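Data block below; observations after.
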Amino acid sequence: MTNIRKTHPLLKIINSSFVDLPAPSSLSSWWNFGSLLGVCLAVQILTGLFLAMHYTSDTATAFNSVTHICRDVNYGWVLRYLHANGASMFFICLYLHVGRGLYYGSYMYSETWNIGILLLFAVMATAFMGYVLPWGQMSFWGATVITNLLSAIPYIGTDLVQWIWGGFSVDKATLTRFFAFHFLFPFIVAALVMVHLLFLHETGSNNPTGIPSDSDMIPFHPYYTIKDILGFLIMLTALSALVLFSPDLLGDPDNYMPANPLNTPPHIKPEWYFLFAYAILRSIPNKLGGVLALVLSILVLAIVPMLHTSKQRSMMFRPLSQCLFWFLVAILLTLTWIGGQPVEXPYVIIGQTASVLYFLTILVFMPLVSIMENHLLKW
C-alpha cells in the first residue's frame, strides 16, 4: 500500500514541501534562516494574539493596558517581552537571510527574490505599527515623524497624511487603525510566505557553490529537518536569554513615559532595526529626497538581479566581490550606529558618506568588480 503521506490531498503537499523535497547536499547554516523566520512569525502571531486579548487600542487606556499586561496578567511580562524581542530576532534573521541571498546569488530566482522584498516591506510596516501601540513617548513621536514623511509627496501629500492619521494629528483614530492593521498584516505576511515557498519549490534551492546541484540531491527529511530543529533551539535559547536577562536591552527608555503631544523627546529615533534606513533618510537635507532615498535603500534590492554581471552565480569563488560584500556590511553597521546618534558634526558627514557609499557599492562597485573578475579568469 502506498504511504498515506504521498496520496492524501493535504498531506502530499506537506510531504513534497518538507519531507520528500529533494535538497542540495551542500547547504550550509546560512540556509537555516528561512525556517528560523517561520518560527519567528509563529512566535509573533501567538504572543501577539494573547497580548491582543488584554490590550485596548484607545489613547486613554493603551499605555495602562500594557502596564496591566506586565503586572497583572499571568506571565503577561513574558508575552510582552517575547513579542518585543521576538521582533528583534525576526529582523536579525531577515537581514542575515537577505545577506545570504546577496552573497550566494539566490536573487537569480527573481520571483522568489521579489516576493521576498515584498515580505521585507510588509514586515517593516507591521513592526512600525506595532511600535506605536504601547503609546509611549517614542511610540507617539515615532508615528508622528514617520507618517509625516508622506507629506513630502507632491500635491496629495498633506491630504494623504491626514487621511492616514484620521484627523489633524496622531490621535485615537490613528492608534485604533494601527492596531487593526498590526493584527491583520502578519496573516498577509503568512500568505506571502506561502507564495515565496511556492516559487522557491518551482526552481529548488540554490547552494553555496552557485552550481546546479541536480546530480547530488538528498531528501529534506531527516537531514535538513534535524538541522533546522538545531537552529530553532539555538535561536529560541538566545531569545529566551534576551527576554529573561535583559528584556529592555534593545528598547528605548523614553517609551516608558506615556505619550505627551506637548513634550518632544530630545532624540526621536526608531527601533534599532530601522536605524540604517533612518540614517539614510536624515543624510539628505531635502524632505522628498530623503523619503525617496529611504524607500530606495530597500527597493534597490529589486534591481540587484539586473546588475549581476559575473559569469559565476555565487561569491564563493570571487574574493574581490567578497571584499565588497563585507564592505557593504560594514557600511550598514556604520549607518545603524549613525541612525542612533544626534544630528551634529561629525555624525552628519559620516552618515552622508556611508549613505553615498551604500548606493555606490550596490549600483556601481559590485557590477564593475564582477566584470573585472570575469577578465581575470579570462572568461
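Including glycine, each Cβ sits where the backbone N, Cα and C put it.
Going by Swiss-Prot, these are the annotated features:
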- His83, His182: heme b b562 binding site (BINDING)
- His97, His196: heme b b566 binding site (BINDING)
- His201: ubiquinone binding site (BINDING)
- 33-53: transmembrane segment (TRANSMEM)
- 77-98: transmembrane segment (TRANSMEM)
- 113-133: transmembrane segment (TRANSMEM)
- 178-198: transmembrane segment (TRANSMEM)
- 226-246: transmembrane segment (TRANSMEM)
- 288-308: transmembrane segment (TRANSMEM)
- 320-340: transmembrane segment (TRANSMEM)
- 347-367: transmembrane segment (TRANSMEM)
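Contact counts against the transmembrane segment (77-98), taken as Cβ pairs under 8 Å, peak for 226-246 among the stretches 113-133, 178-198, 226-246, 288-308, 347-367. Spatially, the transmembrane segment (33-53) is not adjacent to the transmembrane segment (288-308); fewer than three Cβ-Cβ distances between them are under 8 Å for residues at least 6 apart in sequence. Among residues of the same chain six or more beyond the transmembrane segment (178-198), those with a C-beta under 8 A of the stretch's C-beta atoms are 17, 37-38, 41, 44-45, 48, 52, 55, 57, 112, 115-116, 118-119, 122-123, 125-126, 129-130, 132-133, 143. Comparing His97 (heme b b566 binding site) with the residue listed as 'ubiquinone binding site', their Cα atoms are 17 Å apart once rounded.
In three-state terms derived from DSSP, His182 (heme b b562 binding site) belongs to a helical segment. Below 8 angstroms of C-beta separation, residues 55, 57, 62, 66, 87, 90-91, 94, 97-98, 101, 106-107, 139-140, 142-143, 146, 174-175, 178-179, 181-182, 185-186, 188-189, 192-193, 195-196, 199, 270-271, 273-274, 298-299, 301-302, 304-305 of the same chain, each at least six residues beyond the ends of the transmembrane segment (113-133), sit close to that stretch.
Packing against the transmembrane segment (347-367) from elsewhere in the chain are residues 279-280, 282-284, 293, 296-297, 300, 303-304, 307-309, 321, 324-325, 327-328, 331-332, 334-335, 338-339, 341: each is 6 or more residues past its ends and has a CB under 8 Å from a CB in it. Between the alpha carbons (Cα) of His196 (heme b b566 binding site) and His83 (heme b b562 binding site) lies a span of roughly 24 Å. DSSP assigns His201 (ubiquinone binding site) to a helix. Of the recorded residues, His182 (heme b b562 binding site) and the residue listed as 'ubiquinone binding site' place their C-alpha atoms 29 Å from one another. Among the binding-site residues His83, His97, His182, His196, His201, the residue whose Cβ has the fewest other Cβ atoms within 10 Å is His201.
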